[in-house]
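Novice: What Swiss-Prot lists as Zn(2+) binding site is 19, 23, 35, 38. Taken from Swiss-Prot, the feature compositional bias 'Low complexity' applies to 69-84. If you look up Swiss-Prot, you'll see 232-375 marked as domain 'VPS9'. The phosphoserine annotation in Swiss-Prot covers 124, 132, 373, 377, 390, 400. The N6-acetyllysine feature in Swiss-Prot is assigned to 151, 170. What Swiss-Prot lists as region 'Disordered' is 66-85, 462-491. The annotation zinc finger is assigned in Swiss-Prot to 13-47.
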């Protein structure tokens, strides 16, 4: 392995994470570097321009057709007759084709095909029950949450129900158009609460989170990785790419993390677990929360390793390493789902937006990873990618106990067992010493008591006056008053 002596590392200017229009919000590769707000503006401009161009094209074609028709009317009679017969034949043939197509796509055949598709796609009853239970739970939580807002809550619930009903009839639209509908709904509801309802911004954010949770729990199975997109193809491509890059080491990426430290190793495992867990969530906000937790574990791992706070230049290479090591399932589908249906304000600002933007950059870096990025020669990079060799194989040629990860872990465990054995021996010695001290203390107390008893013996002396017997005769009884004089009964 030929590594250059000077390592550049992976550096991304923080300004590159921001919207390229300069609005100050975070951009997104899926939005061509724009933030959600600027992308919507650019998208609408491009769409209006396309509509205008299509309208002009239609007008031009109509004029050409009218001119061609006018010129055909001025042609000779014979040619006109021949052309009319040709048109009649063409019309009859076209009518037969249309009739055949109509029969093929008749109502009965359409219904049958839909039933077949639904039966083919129908999940198991257990999955349906689980989804229904979760949907009911989220619905109840949403209604209970809106009850605290009284009239505003009623209006929000009404608008949300109307939106879901509208989305039910828009399933035939492209996923981009459905995403546009969701983004418009988020924008309109938030704006209506701020302008008409005078709701404080922090409460608007909480309400929007609950709205997103409610609607996306219901829409998830229809809009996550739909068949009309190439999301699944991208998932397979990035998984194949990550598997091909399994030989990449932390040193090649200049990752400032030492996994030999147990605390750091635990943080790395937790980060990988969080990024994998993202696929199990249904709400975009929950998926973002997994990315945020993963990123915080990365920052903690770097902080423990370096004994100082992590920087942005340390974070991105480590995030790339975590993605390569974890190979999260359906990574592109999850990124696209968050981009399309998450509340845009959450992606534009805050730590969620920052970490998500970095994840998008990490995926883009992995897709474009080359020899120069890893400070390798092109020859070594090609051999590693083809599987002919790997950096670990080359290190194993000069084998030492530290070169093998399994042996290294074994020695680490043996060292840990040795430390535990020493601690146990210390505890046993301390316990024996404590037992001996207790015995010595007991013997000392017994000796002291014996010495005191011998020094001060207990002597019982007889009394100087005899004790009065209880049953003896008392000659002075007659001096007592009558109520107190004892009475003697003959028995």
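Heads up, the Cβ atoms here are built off N, Cα and C, so glycines get one too.
Given the structure is predicted, the values throughout are model-derived calculations rather than measurements.
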Novice: Check residue 377 (phosphoserine) against DSSP and tell me helix, strand or coil, would you?
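Specialist: Looking at the DSSP assignment, residue 377 (phosphoserine) belongs to neither helix nor strand, so coil.
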Novice: Most Cβ neighbours within 10 Å: which of the modified residues 151, 170 is it?
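Specialist: Output for this query is 170.
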Novice: Taking only the Cα atoms, work out how far residue 151 (N6-acetyllysine) lies from residue 373 (phosphoserine), in Å, as a whole number.
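Specialist: One finds 57 Å between the Cα atoms of these residues.
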Novice: By a simple count of other Cβ atoms within 10 Å, which of 132, 373, 377, 390, the modified residues in the record, is least packed?
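Specialist: Minimum Cβ neighbour count within 10 Å, taken over the modified residues 132, 373, 377, 390, occurs at 132.
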Novice: Whole-number Å only: compute the distance from the Cα of residue 373 (phosphoserine) to the Cα of residue 390 (phosphoserine).
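Specialist: About 17 Å separate the Cα atoms of these two residues.
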Novice: Can you give me the Cα-Cα distance between residue 170 (N6-acetyllysine) and residue 132 (phosphoserine) in Å, rounded to a whole number?
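Specialist: Spelling it out, the Cα of residue 170 (N6-acetyllysine) and the Cα of residue 132 (phosphoserine) are 22 Å apart.
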Novice: If you measure residue 132 (phosphoserine) to residue 377 (phosphoserine) at Cα, how many Å is it?
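Specialist: That comes out at 55 Å between the alpha carbons.
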Novice: Looking only at DSSP and grouping its letters into three states, which state does residue 170 (N6-acetyllysine) belong to?
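Specialist: Coil, per DSSP.
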